[in-house]
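Reading through the structure tokens given below for one structure.
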Amino acid sequence: MANSKFEYVKQFEQPDSLLPNTWIVVRLDGRGFTKFSTKYAFEKPNDKRALDLMNAAARSVMSELPDITIAYGVSDEYSFVFHKSCTLFERRASKLVSTIVSTFTAYYIHHWPTYFVDGPPLSPPLPSFDGRAVCYPSVQNLRDYMSWRQVDCHINNLYNTTFWALINQGGMDGTAAELMLKGTFSADKNEILFKKFGINYNNEPEMFKKGSVVFRNYELVEPGTKKVSEEEAEEMSSSAVPEVKSKSQVEKDKKVRTKAKIVVEHLDIIRDEFWERRPWLLSGTPGKVPKEP
């Protein structure tokens, strides 16, 4: 910016760099998606096209931003995780959130015709998302956050599956279905599904029950193999002085990440096994790219 008498306005800008040496999670949510899903006749309780579209947009975001370690999505929300050592945009919250949200929204609209082939084209108001950034100081905090989202997915999906079965197959209206489910537990909902409608909840698609996890796929580590453990990752990433990699190492890691395939899986991310078999998610160091068959 050229020097001028107007340059003083820069003094009003507020620094918004996020805490150093903490995991950054940028979570986005659809704005007004209840009306949006009605407008485009999303299937209830789950529309596979809509979920596949969300996953495609998330993959595209991760492809454009190698700094993202892992992402998790369910319904109209997605969480993107940056490693503690991330220095992208000098860790400025406004830059990170706006980049994630705008890139995701752009790809959501871009991929729409691929997944909603027979439906009407998008028209205003167009789909949009809001976002926020939260810092988590430890690996356990991060894992608890991810577990919270997946548990929330299960609870909501079981309720919605039962609720819409009562409406679509049981002939109830929304008020009656809601009243019937009031105060019920998971076992009660499973019993309603099975006894009334012959639905075994365990046979529902994994994506509906567990959500979607997106990450770069490297060679899996066998349980018990000596790699970077969670405790070691915790110790390395929680030191008072954040690790600073050389420029050459940063470039090397970036090249490895671009070679890795970005996958969408529907796995249990609460259990230790998921993380133990993919130590690169916590260590911040890329794994070994699988050989092509």
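Using N, Cα and C of the backbone, Cβ positions are placed for all residues, glycine too.
According to Swiss-Prot, the features are:
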{"type": "BINDING", "residues": "D29, G30, D76", "note": "Mg(2+) 1 binding site"}
{"type": "BINDING", "residues": "D29, D76", "note": "Mg(2+) 2 binding site"}
{"type": "BINDING", "residues": "D29, G30, R31, G32, F33, T34, S75, D76", "note": "GTP binding site"}
{"type": "REGION", "residues": "226-252", "note": "region 'Disordered'"}
Secondary-structure category, per DSSP, in which T34 (GTP binding site) falls: helix
Long-range Cβ environment of G30 (Mg(2+) 1 binding site), under 8 Å and at least 6 residues apart: F36, D76, E77, P127, S128, F129
The one of D29, D76 whose CB sees the fewest other CB atoms within 10 Å, among these binding-site residues: D29
Protein Cβ atoms within 10 Å of S75 (GTP binding site), excluding its own: 21
Listed in sequence order, residues with CB under 8 A of R31 (GTP binding site) and six or more positions away: P127, S128, F129, D130
Additional residues surrounding GTP, by Cβ distance to the D29, G30, R31, G32, F33, T34, S75, D76 centre under 8 Å: F36, S37, E77, F129
T34 (GTP binding site), number of other Cβ atoms within 10 Å: 10
Same chain, 6+ residues apart, C-beta under 8 Å of the C-beta of G32 (GTP binding site), given in sequence order: P125, S128
C-alpha spacing of D29 (Mg(2+) 1 binding site) relative to S75 (GTP binding site), in angstrom: 9
Number of other Cβ atoms within 10 Å of the Cβ of F33 (GTP binding site) across all protein chains: 18
